[in-house]
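S.K.: Sharing the features that TrEMBL gives for it:
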- 72-362: domain 'Sugar phosphate transporter' (DOMAIN)
- 1-25: region 'Disordered' (REGION)
- 67-87: transmembrane segment (TRANSMEM)
- 99-121: transmembrane segment (TRANSMEM)
- 141-161: transmembrane segment (TRANSMEM)
- 173-192: transmembrane segment (TRANSMEM)
- 198-220: transmembrane segment (TRANSMEM)
- 249-270: transmembrane segment (TRANSMEM)
- 343-361: transmembrane segment (TRANSMEM)
Amino acid sequence: MGRFDAGKPGLMGQGSCSNRASTAHGRGLRPLSLLSDGRRDITTVSAVATAAASVPADDAGEKGGDIAGTVQLGAMIVAWYLLNIYFNIYNKQVLKVMPFPYTITAFQLAFGSLLIFAMWATGLHPAPKLTPAQLGRIAPLAVGHMLGTVFTNMSLGKVAVSFTHTIKASEPFFTVLLSALFLGEVPSLPVLGSLLPIVGGVALASMTEVSFNWIGFWSAMASNLTNQSRNVLSKKLLAGDDKEAMDDINLFSVITVLSFLLSCPLMLFAEGVKFTPGYLQSTGLNLQELCVRAALAGFCFHGYQKLSYLILSRVSPVTHSVANCVKRVVVIASSVLFFRTPISPVNALGTGAALAGVFLYSRLTRTKPKAA
């Protein structure tokens, strides 16, 4: 067997602290299963996602009103949460044994691009008719999307999943800062006040994080900066007729395809070609297992972002913001349960304060949220 054999430490844990847990529980990777004892873990994780989804789903009546529509929306939110959870689990496992974030990013974007072309080819969603002017405006957004994904993968490869998402909870700070600098939007005092628990909570969690790593910390911060730059640029560059001519699904699809094309030269420059059978066999990795995990991560990555846009089309931006905040809580809680990440009371307090600030910010603003 390769490195995915059960019982070998340090293959799929989370930071230095989770390697001990991996050894203690014999947590090897099996084809199409998560753990040797993973059914109990995934049942718990799924229950967390289902329970959390009921909170935003209660507000489904604002655009639906019928029971069937509410049930459908609730199912979509549960799927959105579960895909987020599974993406972070599979992605962490792959990055643990193959720490090449540029290559992993290119693979995920390639997988999403294949699904997008299949969607257009089968007529599930009409393909857009792009003009050179539109492509020129969308290209900077694709750069931000690609870099945001790279930096997120860098962080996930270095620190605990829960810590990465705690840092990513500080996105509103970058949104307010960039909107003020480039859009001239002056935040209200209550909005500024909501940033205090976010910044303070992230700082407190960082000081007490067992898996703290400066590369992981700054990568997550860079992901916040690039993702929110993309969101601010989308308001500035896509205002007008061009934006109205393209729906959100096609806009996301075009950004994904362009991001993949941009990621290829960056991957070759930074890491060379890593996903080759010869290289993977020389490292002793279980090729089939690794490809299955990477493909599942790519599917979940594309699926949860697509669902985010579909849910946004059914509810108000405020409800979507709250659901997105709850999603962050679910991902953090699920990763702590799954990877058995040690977390101190002070660390939990910092994470909770940051998430409470995000919730307050979501209620105070009326801006259209983007997928994270």
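Positions of Cβ are set from backbone N, Cα and C atoms, glycine also.
Note: TrEMBL annotation is automatic and uncurated.
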S.K.: Going through 67-87, 173-192, 249-270 one by one, which has the most CB pairs that fall under 8 Å from the transmembrane segment (141-161)?
M.R.: 249-270
S.K.: Which bits of the chain, at least 6 residues beyond where the transmembrane segment (99-121) starts or stops, bring a Cβ under 8 A of a Cβ in it?
M.R.: 91, 127, 146, 149-150, 153-154, 157, 253, 256-257, 259-260, 263-264, 266-267, 270-271, 274-275, 294-295, 297-299, 301-302
